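Chemist: The compositional bias 'Basic and acidic residues' annotation in TrEMBL covers B:26-40. The domain 'Nrap protein' annotation in TrEMBL covers B:177-319, B:323-449, B:455-614, B:629-804, B:807-960, B:963-1097. The region 'Disordered' feature in TrEMBL is assigned to B:1-40.
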Amino acid sequence: MASSKRKHGSGQTCVIPGGFSVLSLKFSSDSAASHSLYVKEHRVRAQSHSGRPMDRTLFVLNVPPYCPENVVKELFSQFGSVQSVELKDHPSSSPDSGPRLSKIFRPAEKQGFKVGYIVFQNASSVSAVKSHAFDVPLVVQTKERPVKTGVQKWIQQYTESFIPKEKLQKDVDDFMMDYDKRKEKAEEQQRKEAEEQQEEEEGWVKVTRGHKGTKARPHSEVANKKTLQKEMKKKKRKELMNFYTWQHKNTQKEHIAELRKKFEEDKQRIALLRAQRKFRPY
Amino acid sequence: IQPLAHVESEDFTNKTLTSSDEEDHNEAPTEAKRSKKGDAAVDDSNVLYHPVKLSRSDLYRPPTAEELNQLKEAESLFHCNLLKMQMEELLKEVALSERRKKLIDSFVQRVTKLLEAVPETAEVEISDLSWLSGSAKVPFLLLPQVTKGKFHMAPPSSVDPIGSYPLGTCIKPHVVVDLAVTIPANVLHPKDVVNQRYPRKRALYLAGLAQYLASFSDLGPMRYSCLHGNRLRPVLLLIPPGKDSRSSFTVRLHACPPPGFFKPSRFHPLRNNIRTEWYTGLQTSNSEGIEPPTPHYNSSILGDLLPKAHLQFLSAVSSQCPAFADGVALLKVWLRQRELHQGAGCFNGFLASMLLAYLLITHRISNTMTAYQLLKYNIFVAKDPDSSAPSLAEFHSAFQVVFVDPSGHLNMCADMTACTYKQLQHEASVSMQFWDDPTVDGFYSLLMTPKPMIRTSDHVFQLCELVKLQSSCKKLNLLSELMDHSGDYIHTTLPLILSLLQQGLGQRIQLLTHSLCPDPEWSVSNEPPKYKTQPPISFGLLLRPELATSVLERGPPADSPKAAEFRQLWGSRSELRRFQDGAITEAVLWEGESMCQKRLIPKQIITHVLKLHADIPESCLRYVGATVDDVIKKGSEVPSTGEEESLVVVQAFDDLSRKLWALEDLPLSITSVQGAHPALRYTQVKFSVLFSHLLICHMEGSGKWPHDRFAIRHIRAAFHIRMGELLKKHHNYSYKPCPTHLDVWKDGLAFRIQVAYHREPQVLRESLTAEGMLVVRDNEEAQALEMATIHKPLLTSTLHGLQQQNPCFGAVCRLAKRWLAAQLFSDDITEDTADLLVASLFLQPAPFTPPGSPQVGFLRFLCLLSTFDWRNNPLVVNLNNQLTGTDYTEIKNAFMASRESLPVMFIATPKDTKQSMWTKRAPSIQMLQRVMVVAAESLKVLELQLMDGTQIQDVRVVLRPPLDAYDALIHMNTNQVPLLCHAVDPPGVNFKRGVITGNAKASSGVLPVIDYNPVSLYLTELRDAFGDLALFFCDPFGGTVIAVLWKPKAFIKAPFKTSQASARSVEVTGDEAKTFPNVSAILEDFRILGKGLVKSVEAKTEKWSF
C-alpha cells in the first residue's frame, strides 16, 4: 500500500491494474489505519436485471462490516445523489428470488466485508467517485453521523429482538394470505390444464404442449429411480444362482479371493502400523 | 515412494508367511526375525495406507493346499487374523536381538571368569566387618547387630545362569540376566538357617564379591538391589561399562547355598527359625519353647535352594511345548502393562512361567497350542479362583496366596497379598470379557494399553511417612510377624491394613488394590536404605457407583450378636438409630450433602478406620480421589460439581414438557418434546440463569402444513405466538415470541422452545429444475436443521439415559469440556463431540472398567484424546449397544475405503455410521494435532501431580493455556464478560449485575435479560469478517482474552481478485497487482467492532514473518 501511495503522489487518484480505483476509508477522523475500497463501474456481459443500470452503477469491493447500507449511501452522497445501495457477501449477478419476506423473517446475515452496488441518479457521479483522490479518506463516523458498533450495537440488537406480538402475528397473516393466493392461482392453472386434457364428446383427447417449463404431471427424480429399481429386481428374480456347477465353482473361487484379499489387507495394515512403530508395548 | 513401499510390503508379506510356518516348529525363527529387524529400520516411516489392489490373476489363481490351510487356520483360530499378525509383531518387538544375546553371553563369560578367581580370606566372626574396605558395604540391615557364626570368602563352587535368560523367556526392556553364584559348602554351616545367620553370610559373600570386582575396569558401576523387594535376599547388579550400558542389560548375581545343603523340612511353614530371645534381645518369660512360626523367613531361604531345580523343571516343560517361550513373553507383557510384574509380592515372570508349566503338566492346555492360545488359556485360568492354589491347609494358614512349587516345599507366592491376587483375577476376568468381543480391539486393550493405577482405579490414596507404620505395628500387636519379616514393618502391616480397609469399605468397593513397592537399588559403597525411605504406598479403589456414595452405613440390629463386631469396627462413630421401617439398628452416618461431598465418603471411612485401628494419623494420608473436581466446583457453603443444578434444570424441563403436552387449544397436537441442550443431559458446564435451555417441540404432521419453506417458517412463528399466549394464560409464564423460537421464563429458568415440523428438511432439499423435474439435493441448510431438530434431541435423550446408568458421566463431561474450553479448543471440539468422546469411555472401557469417579474419567478422556490413532481408526461410540460386530467391520471398511474424504476425527454412532456428522466441521488436522499434544502434556502433568505429593499441588495448571503461541491477543473488559465467576482463576471482585438475588421464582413478572453474551456476539462478528485471515480462540466460560492466530496461507501475496479483496491492500509492481492483508487496519477493526468490550489489543509483531 505504502509503495503505491508514493508512486501516485498526493492529491491523485490511484488506479490499479484491473481498472479499479482505490479509495481509502477511515472509521473516524482520528483513526490511524485505513481500509481501501476498490471501485469500478459496474459492467456485465448481459444486462440481466434492471436494478443495476450499467452506466449509473458503481461496483465497490471491500466494504467493512461497520458500514451498513444507510452509511454507505450517505458516504457516497458527496459524489451525487444515490438512488440505491445493495450490499452482498459475494459479487453476484442477480438479487434473491422468492417471495418478499418482512425483515424479521429474513435469516441473519453474515457480518463480514461486503461487495456493494451503488446506483447513482446521474452517470457523472460514477466517474466523480473514480477520480476521488486516494489520500483524502472517506470517514465513516462523524459527529453528525454516529455509527454504533460493539456493545452499543449489541444492546440495540437485543432490544430490537423484542418484536411486538401483534406485529409478528400480522406479518405471519400477511404472508400466509399472500401464499394462499399464490397457491390458489397455481391450482387454478392446473385445473384448467386438466380440463383441457379431458376427453371431448367424441372420445378425442386434445394434447397440448402447455406452457413452457410446465408438464402435465410433475416428475420427480425419486419416482424415476424407483421404477428403474423395480425393473432391476424383476430381472434378478428370474436369474438362477448356484444352479450350474460353474456357478458353484465361481462362488467358491470368490470366497477364496475374498479371504486372500482380507489377508493382504491385514498384512498391509500391519506394515503400516509397523512403520509407525505401533508395536512397542511400552 | 509409492512403488517402493509396495515392494517392501510385498517383501514383508513373504517373511510373515515363512515365520508363521516356523512358529509351529520353533526352528530357527531367529534368523527371520533378524533380517526383519533390518527391514524395519529401512522402512519408510510415512507409508500410507492404500486400499489393496490385487490383480485378478493373484486373487483367482488356484490355491495350494498349504495356502488353504493357512487361510483357514487364520480364520478359525483368531476372530481376525490381524490379531495373529499383531501378536507376532509384538513378540518381535520384545524379543532380544542376536547382537544383544552375543553381548550378554560374552559379558557373562567374563564375569564368570572373574568370579572364579575370588581370593580366599581368613575366617572371622560374622559381625566382624573389618575385612571389608570402604568400597563395598554389606547389603543388609543388621538388626539385631550380632549373630553367631564364622565367615570367610572363598571362590564360588559354581556360577550358573538361571531364570528367564537360559529359558529364552527374557524380554525387553530391562533385560535382566540372573547368575547363581554357589557359596562353597565350607563357608556355611547346616545350622545357619537359624537367626538370620545364613542371610547375613549371603550378604557378606555378596559384599566380598563386590569388593573384589570393584577393582576391575571392565565392569560398569555396581549396585545392590534385593529380590522382589525382600530385604533378606540382596542381589548384586552388574552392568557392562560404557554410557548406554544401563539400558542394554543388567546381570544379577544371586548367592546361593549348594543344592541340598539345608534340609527342606526345616523350612516347613509352621517351623520357627528365628528365636524371639535373639531377636528382641530380652529374656522372655514364656521360654517354654513355643516359638511363633516364621513362614516368610523360611520361604525366603528355601527360595535360594531351588532355582536350579526350577530351571530344570521349566526347561523340561518348555522343550515339550514349542510355543512356551512366546506364551510366557506375551504373559509378561500383559502383566507389565498392569503393573504387576515387579516389586514385593508381585506376579513376576517366574510365576507366570510356573503357572503356564503347571497348566501344561496338568494337561489343562496342550503342548501343541500356539502362543496366542497359551496366553488365552492362562488368563482364563488365572480368572478361575482356586486353580492356582493346589495346596495343603498348612500353607493356607500361613500365607494369603499359595502356589506350591514342584518340590512341594516352597510357596512361590509367599509375599503376595490377597488383594494383589484378587487384582490379578479381576484383570484376568476383565481381559476375558473383551477377548472375543469383536467390537473391541482386543490386541490393543490386552497388550498395548498401559494401566497405571491412577487411570485404573476410581479413587487413589497414598500412605506417606511410612515410618508411622511402626506405631501401627505396635497397635496391632504384630511382634511375631515383624520377626518373621525381619523387621520389615511395611510388609508386616500391609495385609492387616488391607483387610481393615476391606472391612470398612465393604460393599462400596469392587476391588481394593495397592501398589507394589519397587525393588530398592543402591550403590555398593552406600549403606542399604532404611525402610522409611521407601516411596509412599498407593492404594486404588474400584468403586461400586450405586453404593459408594451412600451416607448411611446400616449395621445389624442392636440386639444381634454381630452388633458388637460392628461397634468394634466403627468405634465411637457407631450409634443406635431408628429407621422408618421400625427397625432399630446400629448405624454410622457420614457427612455429605452434595454429590461431590458424597463422593468423598470413602475418604472419611478410610481416615476413620486407619486412625482408630492402626494409629495412622490423617496427615499420613494423601487422598487424591477428587482433586481434579475442584475446577468445576462452585458454591461456597455447599460445594457442588453441578449434579444438583442439573437435576433442578431437568426437573423444570420435565414439568414444562408436561405442561406443553397438556396444552389443548393448539391447532395441531404436539408429538414430542425433547431437550436439545447439554444441561438436559447433565453435561452442562456452567449454570447461569442468564442463558436459556433449548428444547425442540415436534408438531404432528398434517395436510395443513404448507409445502413451502417460507410458509413453514411463518407457520412456526404462529405456533410460537400461540404457545406463548397459552402458557401465559394457564401458567402465567413470561414469554417472548420470535420467528425462530419462543423464550419462556419459568421458575427462575429460561427455556427456549423451538417448534419443528418433521418434513421441513425434506422440503428444504426439494427444488424444481427448469424442466419442472422435482429433484432432491442435500444441502447445508437442511443438514443444519436436521442436526438441530432430530440428531441433537436424540443424542440428548440417549446420553440422558447413559447418565442414569453411570452417575458420574455428567461430571466427567463437565471436566472434559471445562478443560477443552480453558485450552481454547471448545470451538474445534464442540460440546456434542466432547460428550460423545466421554460416552465412549463409558460404553467401551476395555481394558478398564467404566469410570467410577469424575477424576479417573477425565484422565482417561485425556488419554483417549492423546493416544487414539485418528488417522487409521474410526472411534465407534456404540450408544445403546445397537451395533454388532459385523457393523463394526463395515464401519471400519467404509472408513478405510474413503479415509481421505472423511473428517480427521471420525466418530461413528449407531445413527451415523458413514459421515461422522458431529466432527464434520471441526477440528481441522492442525487443530487436532495441537489438541493431542496439549492433552498428552496435561495428562503427564496431572498424573505426576496426583501421584507425587512432593510436586506443586495445583491442578489448575492444566487449565491455563500457553498464550505465547498466538499472534495477537484481544483483552476484554472484565465487567462485560458474562460467566466471569466460572473462569479458571476467577477474579476477586465479582460483578453482581444481572444476577437475581433472593428467590428467583417469585420474580416471574418480567423477562430478565437472557442470552445476551457480548463475547460470543463479538466472536461471531470477528469470524464473519476475518475468518479467512485468522483463527479466533476464546474460553467461553469466563475467558477474558481472545487469542488470534493468523492463517499463514492468507499472508502469501496473491494476485488481485474481486472475490478476494476483503480487508486486503494492494501493491502494484509493474502491471501486476498483488494483495495482502491490511494488518494495521484489521487490528484497528478489532477495536472498532468490539467497542466497549475490548480493553486492549496486544499485537505480537515480533512473531510475524511476512
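A Cβ is built for glycine as well, from the same backbone N, Cα and C atoms used for every other residue.
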Chemist: Which of B:177-319, B:455-614, B:963-1097 shares the most C-beta pairs under 8 angstroms with the domain 'Nrap protein' (B:629-804)?
Modeler: B:963-1097
Chemist: Within the domain 'Nrap protein' (B:455-614), what mean pLDDT does the predicted structure show?
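Modeler: Summing pLDDT over the domain 'Nrap protein' (B:455-614) and dividing by its length gives 86.
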Chemist: Count the Cβ pairs between the domain 'Nrap protein' (B:455-614) and the domain 'Nrap protein' (B:963-1097) that lie under 8 angstroms and are 6 or more residues apart in sequence, then report whether there are at least 3.
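Modeler: No, these stretches are not in contact.
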Chemist: Counting by DSSP, what is the helix, strand and coil composition of the domain 'Nrap protein' (B:177-319)?
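Modeler: With helix first, then strand, then coil, the domain 'Nrap protein' (B:177-319) has 67 helix, 22 strand, 54 coil.
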Chemist: Please list, for the domain 'Nrap protein' (B:963-1097), how many residues fall into helix, strand and coil according to DSSP.
Modeler: 37 helix, 34 strand, 64 coil
